[in-house]
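For reference, TrEMBL has these:
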- A:3-132: domain 'Acyl-ACP thioesterase N-terminal hotdog' (DOMAIN)
- A:155-247: domain 'Acyl-ACP thioesterase-like C-terminal' (DOMAIN)
Protein chains: 2
Amino acid sequence: MAGKKFTEKHRITYYEGDQTGKATIPMLMNIMILASEDQSEALNVGSDVVDPTGLGWVVTQYVINVKRLPSIDEVVEVGTEAVNHNDYFCQRDFWISDENGEEIVRVTSIFVLMNRTTRKMSKLLPEVIGPYESEPVKRIVRLPKVASTDSEPIFDQKYAVRYFDIDANHHVNNARYFEWMLNTVDDQWLTEEFPVMINIRYHREVQPEQMVQSVVRSIESDDDSKRTLHQVLVNDEVYCEAEIEWQPRLV
Amino acid sequence: MAGKKFTEKHRITYYEGDQTGKATIPMLMNIMILASEDQSEALNVGSDVVDPTGLGWVVTQYVINVKRLPSIDEVVEVGTEAVNHNDYFCQRDFWISDENGEEIVRVTSIFVLMNRTTRKMSKLLPEVIGPYESEPVKRIVRLPKVASTDSEPIFDQKYAVRYFDIDANHHVNNARYFEWMLNTVDDQWLTEEFPVMINIRYHREVQPEQMVQSVVRSIESDDDSKRTLHQVLVNDEVYCEAEIEWQPRLV
């Protein structure tokens, strides 16, 4: 048993790619969220239905696994499914497949419904969750914790939240957190390596006009893997953290 | 007489819009450039043909007229045409029309071919310009100069060029200049007004890892129009400047 699947085609445009000729992680997150918004519209539980309840969907964690980043001009299939849910949490999966039907990106995420005024979590409303046919379960998947480390920061950068970071929901677009985090890694690294795994956890929402600090640390690992820990802070409080595992780009 | 016209449909996604629910200017520039790249591919003079000549297309000026900004989820038609050219300069027009066929954005621009190593302008090669069927003329259109003013800056902001500002051609994406410029205007202004006209002139190319300074001034006008002058500087040298005329958003 599982929820209704929704898929749509998407062509990666040049402005969704970077100097390696591949799609960027922030843009891949954008196109996957677009698929979930399009599913919600198709099921008649889009923002025009959810907004009047005073609630809104908020993601708390993504675990992203990347086999291969799609290339600029490649046409991919983007899919999503609300897999299951308990009273408060919903597991939503996303995937991207290439023209041969091979899955190249897989994301598992946790969504909650939040009161848009008090910013407190709400129980999932049957009329909002029902149409996805997500399976009701006692316990939803427990995603791995983001690793921790005591090592000294490698790099540290301040960013002012800009007008163009804010989306139509008046929030900082989720994808911007990825830009702040990835921008702390030097350009050569970003052109030679790619994130094969990202485990990102959102604790608090960055607000318009705030100043964020993006910090990166290296994580020592038992195996040969190359890992970094990223934190986005506001006034020294961690608003978002992510663990990234890197691998050399093949092409 | 004029060149071959090329059009394609484009749906404005939520990540191409801002908190007003409308497409952003930087994203509109991206989707228009995408149309010209798609035309070049369709005519077999895409980057795979131009790159081996050692040259590359570079825009020197855009004059952008906006009647109305398209909304998120709106499907628009994006068009482009290489109108005419002389030995060195090509006039390329762009337009965006809505589903009723009404033109809502019109852009006139000047493109040149530049040697990618020396960064010097080259004569337009017949094999590169020919397929567009642009009309050969003695004199191409003379676009208006960007206004000047001696007034004191209203606001001034430094930006580090980021990894995600660089596109697949290893240049700062043209659209990023618009973000640097528009970000100097305060958020309330940007939500209440929109640019009805932008005249932007590129003098030098900002390089990866440079630090730019974005300065905005108010322009006094004879009529009631509200105008700003924007400059992007590197080490106090003007790399790009733009004049923007503002009008209240209707919706």
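From the backbone N, Cα and C atoms, a Cβ is placed for every residue, glycine too.
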On the DSSP side of things, how many residues of the domain 'Acyl-ACP thioesterase-like C-terminal' (A:155-247) fall into helix, strand and coil, could you say? 18 helix, 47 strand, 28 coil
DSSP helix/strand/coil residue counts for the domain 'Acyl-ACP thioesterase N-terminal hotdog' (A:3-132): 35 helix, 57 strand, 38 coil
Can you give me the average pLDDT across the domain 'Acyl-ACP thioesterase N-terminal hotdog' (A:3-132), rounded to a whole number? 97
